[in-house]
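Structure, as structure tokens:
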């Protein structure tokens with residue numbers, strides 16, 4: 001028991017490591033329900049004195065398993081929009097690489113100055129999420145209605161049948177479009193997904209909410225398809241960023257300069273996987289408002305710690 005009390009990893013005692021595990025579980029559960037689990041784990045790591053870049057990199061790598069679990073849950077919707085993903089995944093990969101390389105190669109002081117702004121942006125997305133989600137749902141519902149113009153008024157179609165059998169057949173064929181349900185991808189959408197990938201590779205937090213807003217505006221898909229696309233793109237960005245972190249950290253840095261904390265990665269991975277498994281059960285029994293308040297509170301803690309370090313040097 002005494003040996004356990006004396007155990008340390010990355011200079012952190014057992015009580016801090018257990019706190020990281022709990023934060024990982026909580027982040028995995030929150031990602032299942034409302035997203036932005038990074039705004040739980042990142043503040044905890046920063047408050048423990050872990051440098052912000054190491055906290056971001058280790059946290060992003062630890063949460064990958066939970067990201068792909070979420071994407072797997074939407075595999076049916078993802079299969080429905082394969083042609084969309086063929087165009088959007090490369091944009092996410094390229095953005096994720098650029099964001100990750102910027103994070104891990106720029107001086108840590110740059111991230112120290114930029115991160116508070118990104119935390120504020122992330123918190124704004126979290127606070128706005130209910131309205132944004134409602135708006136995206138309403139927009140998706142309106143699109144579904146537009147796809148069936150023949151539903152409310154069957155009379156005009158009936159009147160046209162008098163024009164003759166051939167004409168009626170032609171009208172029927174015209175009235176039944178050849179599966180327009182496959183959403184199209186515009187250049188603007190690809191550029192925005194690319195930009196979201198840079199953001200995600202650099203900071204991780206709230207990229208799912210950001211993507212949901214982009215997809216809600218520019219992708220002609222229903223809400224479930226958009227959610228599936230969002231989950232897969234977030235997983236792709238995080239995996240791409242993790243590979244980039246590894247390459248840069250181990251090829252361009254000396255051993256004593258590396259920023260990946262493998263112990264933290266492993267603890268968050270275990271915690272977020274457990275959290276993802278229980279999130280659907282526990283999370284749906286908790287008020288989304290309570291979860292959102294927890295995220296915002298922890299985000300404000302991280303903001304305070306980083307601003308204090310920035311302006312007071314410690």
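Including glycine, each Cβ sits where the backbone N, Cα and C put it.
What TrEMBL says about this one:
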type	residues	note
TRANSMEM	12-34	transmembrane segment
TRANSMEM	40-64	transmembrane segment
TRANSMEM	84-104	transmembrane segment
TRANSMEM	110-128	transmembrane segment
REGION	143-176	region 'Disordered'
COMPBIAS	152-176	compositional bias 'Low complexity'
TRANSMEM	187-220	transmembrane segment
TRANSMEM	232-252	transmembrane segment
TRANSMEM	259-283	transmembrane segment
TRANSMEM	289-311	transmembrane segment
Interface present between the transmembrane segment (289-311) and the transmembrane segment (187-220) (three or more C-beta pairs under 8 A): no
Of 12-34, 110-128, 232-252, 289-311, whichever stretch has the most CB pairs under 8 A to the transmembrane segment (259-283): 12-34
Same-chain residues near the transmembrane segment (289-311), Cβ under 8 Å, at least 6 residues beyond its ends: 26, 30, 33-34, 36, 39-40, 42-44, 46-47, 52, 112-113, 115-116, 119-120, 122-123, 126-127, 129-130, 283
